[in-house]
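K.L.:
Positions annotated as compositional bias 'Polar residues' by Swiss-Prot: 81-90, 108-121, 176-192, 260-270. The annotation compositional bias 'Low complexity' is assigned in Swiss-Prot to 199-211. Swiss-Prot lists 281-341 with the feature domain 'LIM zinc-binding'. Here Swiss-Prot flags S124, S127, S129, S134, S143, S199, S204, S205, S209, S263 (among others) as phosphoserine. The phosphothreonine annotation in Swiss-Prot covers T138, T142 and is backed by similarity to another entry.
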Amino acid sequence: MALTVNVVGPAPWGFRISGGRDFHTPIIVTKVTERGKAEAADLRPGDIIVAINGESAESMLHAEAQSKIRQSASPLRLQLDRSQTASPGQINGEGSLDMLATRFQGSLRTHHNSQSSQRSACFSPASLSPRPDSPFSTPPPTSPIALSGENVIGCSFQSLTHSPGLAATHHLTYPGQPTSQQAGHSSPSDSTVRVLLHSPGRPSSPRLSSLDLEEDSEVFKMLQENRQGRAAPRQSSSFRLLQEALEAEERGGTPAFVPSSLSPKASLPTSRALATPPKLHTCEKCSVNISNQAVRIQEGRYRHPGCYTCADCGLNLKMRGHFWVGNELYCEKHARQRYSMPGTLSSQA
């Protein structure tokens, strides 16, 4: 449907476009701002812009169309091609609630039709027709296709026919009629489809059509948890050796060797080292054990750093060196005062 829209300005006009000759698509309105100038002029998302101010937009690039719209004077005259299915409540590229509900119902209807076609294919008259010599040659009045709420296992007639183990256990059973075992006609060539009749209110579940459990199903997870719960807890080898050593020690025997860092043999040197305290030096000046830093004066002679001072002035000799005068330590100044001859001094730096 062709129509013309006049958007009263000035810019900005309140809508966005996409497409162009460089995108090989027509120029389409993709978004309309709520309560804007474009919405007031009845411009809608999905409208195809045919001409801008009388100039054809078919051969325009995207940037060229944007520039012409932005630089246009008021009013902006747009010739549009609007689809008949465009919803008037569509805003910013999203449909209204009515349109979304219609699409959702259509998808549900399509899904329901596909399921119905699959069920009718599984239970076609050719696949459900019994053999002439089978006990079900006379079909019951109620057809299994007409029953609602049935859960069907084994839709594929061909796959069950090629499986003798499954063919012997899956038979078409009806209420009030004897089975093939009761009639004495148990053979793998009988009908290989079994229909379980339930209450009409329960819908059919397509997941029951598989004989194998899926790994992500709740039933499979529950079975795995039950198996893990019944399994005996595993004991590590190191814990088992430690338990045997403790039991042997309780019985009064020789404890077994545990090959780990916690074994008695491995911890023996550590215990001896902790039992023997380190040897402490004794300060020769104050006769107190030196527990931290010690100053070694001569072999076997140590002092505290605070006791390593001049005997006359108390100056610390750590950075200056000491001079012996008898058995006392002096600095160089007071040592020279006690002896006039330098040769009598005994110095050590």
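In case you wondered, yes, glycine gets a Cβ from its N, Cα and C as well.
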K.L.:
DSSP-wise, what's the residue breakdown of the domain 'LIM zinc-binding' (281-341) into helix, strand and coil?
P.N.:
7 helix, 21 strand, 33 coil
K.L.:
What mean pLDDT score does the domain 'LIM zinc-binding' (281-341) have in the model?
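P.N.:
The predicted confidence over the domain 'LIM zinc-binding' (281-341), as a mean pLDDT, is 82.
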